[in-house]
Structures are given as C-alpha cells and as structure tokens.
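Peer 1: From TrEMBL, for reference:
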- 167-177: compositional bias 'Basic and acidic residues' (COMPBIAS)
- 178-189: compositional bias 'Acidic residues' (COMPBIAS)
- 19-108: domain 'Myb/SANT-like DNA-binding' (DOMAIN)
- 120-144: region 'Disordered' (REGION)
- 167-189: region 'Disordered' (REGION)
Amino acid sequence: MATPNDAASPTKKPQPIPWTHQETVHLIGAYQEKWYALKRGPLRHNQWEEVAVIVAARCGYDLAYPAKSALQCRHKMEKLRQRHRAEKKHVAATLRPAAWQYNALMEDLECGPLPISALAPFQNDTDSDPDDDGTYRNGNNGDESFVKSKSINCILGERPVRMKSGERGFLRERAEEERDEDDDDDRDDDVLALPAEIRAFAERFIGMESLKMEMMKETERCRLEMEKKRIQMIVDSQRRIVDSIGRAFGSNKRVKITQQI
C-alpha cells in the first residue's frame, strides 16, 4: 500500500551519463566528416541523428546500451567549441602550449582535413599494415575503406604528412576562414557593447545640455540685473537734473524779490 509521502514525492529525473574520452573523440571525428561534407554548413536534426549513430557504432555499443542522442551530441560539440575558443585566448595571453587533451583534434576540425588527393599514394606506403585497421578488403570496397582509414588517421594526427605547396594553400585558406570566424565573434561583441556606448553617450549629452541651460539662465539673470542697474542710473540722473533746474530757478526768483524790495 502506497503511503501519502510516496504518492506526493515527484519522480526524479535520471541523471545523464557523462561523456567518455572515446565518445568525445569519435564525436569530433564524426562531426568533422559531416561538417565538411556540408562545406562547413550547419547540421540539421537528421544529420545530428546520423552523427549520434556513427558515434555509437564506432564505440561498439549495441542497442541495449544507452548511447548519446542527437541533442546531446549537438550540445557537446557546442561546449567543445566554446572550450576551444577559451583555450586559444588563454594560449595567446599566456604564450604557453595548450594542455587541453582535445586541443589538437579541435585544431584539425577548425583548420580542416587535408584532401585525399594531397595525400601520398597508399600503394607506395610499404610500412603500413592494412590488417591493423580491420577495414581492408579485396576489390574497390577495400581500396575505398583503406583510403578512408588513412584519411581519419591523418585527421587524428597519427601519421604526419609532408605538406606541399597546394596543401599549404589549403591550410592557409582554412586559417583565413578561422580568422574570419574570430572577426565575426569580435563583431558580435561590438554589437553587444553598442547599447552601453549609446547609453553612455546619451548621459553625456544630457549632462552637457543641462550645463548649457544653467549657463543660459545665469547669463539671463546677469543681463536683467545690468538692465535694472542701467534703468536706476537713468532715473537717478534725471532726478539730479530736475533738482538742479529747480534749485537754479528758485534762486533767481529770490534775487528778483530782493531787488524789488
């Protein structure tokens, strides 16, 4: 019999399983293949589903194992990209090599893999054993699988390849695209900082207008005081003139009166 406490207690949401190192490595590789197949375009939901299936297959998971979903793969790649940008800024600021374990894989993701045509012909590669990858087969399918295996190895940095002039040009283009993405991020930061700049400018403008109004009021007050003093001086001058005239005419009358007497 269920108690009231059991009925009232909400069902707990299961905690997501953390990403393992193997899953993260295969996620970066699968996303890189899809991303460059779309010419560095955004992945749709069905393509993220394909990435999740590829990660589960490369990790050797069966249907009973709780593999990562398409949404989890997308969120994980966004976090990896954010961490990679933060690591690049930290390295540029401290001038120290990056210690993040996925830094090399993310650099290969941003710069881009070398084209298969730029790789050395695999027929002349005498020290490579096709049985190591487990994907070599007789016929065209075997050749295609072996080339894909070599391409993935080059992506993961397992086999360094001497770059030619065409390869350097390709990497230079990828670096320019990466700088363009950084410039876009800087422009986004500038756009976010624009409202604060406009607000500060408006405050300064309002302060200057207030100061101008105060100066105009002070000037008008001084002008009114000067006008008042000027009018008072004119009135005083006219009064003195009238008094002088009155005194002058008054003295003449007194002289005439004394002469008549």
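Every residue, even glycine, has its Cβ placed from backbone N, Cα and C.
Since the structure is predicted, the reported quantities are computational estimates derived from the model, not experimental observations.
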Peer 1: DSSP-wise, what's the residue breakdown of the domain 'Myb/SANT-like DNA-binding' (19-108) into helix, strand and coil?
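Peer 2: Secondary-structure composition of the domain 'Myb/SANT-like DNA-binding' (19-108): 62 helix, 0 strand, 28 coil.
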Peer 1: Which value does the mean pLDDT take for the domain 'Myb/SANT-like DNA-binding' (19-108) in this predicted structure?
Peer 2: 87
